[in-house]
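Taken from TrEMBL, the feature Na(+) binding site covers Gly71, Thr74. Positions annotated as transmembrane segment by TrEMBL: 32-53, 59-84, 96-117.
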Amino acid sequence: MAVICLCGGLGAACRFVLDTAVRRRWSTRMPWGTILVNVSGSLLIGALAAAYAGDALGARPYLVAGVGFCGGYTTFSTAMVETVRLAQDGDFRRAVVNVVGTTAVTCAAAASAYAAVTGLT
């Protein structure tokens, strides 16, 4: 349990670093840092889930990396708050693009990684 918690903290720290770097690089109203975090996290959890389902990865490493790291790294709640903020600011087009686009791309990322790893195992 302690290792899962530590990996969750590591994931959160990685999210902070990546999101901050993206925000500094591209000053825009669209929350690209959160989008990049959630897409990359979805790729990772999709690959981990496939490896676990195919018996290439045991339960403990899956829990540590998937639940711990990915749970701390990805952030659906922040994505939704950013969507609400865009809508509150009257930027409804970006709000819709953020919620629909993030949902579609993260699902596709997880499914693609799962399919790729399943094809390899």
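Note that the numbers count up from 1, one per residue, in the order the chain is shown.
Backbone N, Cα and C atoms are what each Cβ position is placed from, and that goes for glycine too.
Remember, it's a predicted structure, so these values are computed and weren't measured experimentally.
Residues of the same chain lying 6 or more positions beyond the ends of the transmembrane segment (32-53) and with a Cβ under 8 Å from any Cβ of it are 11, 15, 18-23, 26, 59, 62, 65-66, 69-70, 73-76, 78-79, 82, 98, 101-102, 105-107, 109-118, 121. Taking all protein chains in view, 23 other C-beta atoms sit within 10 angstroms of the C-beta of Thr74 (Na(+) binding site).
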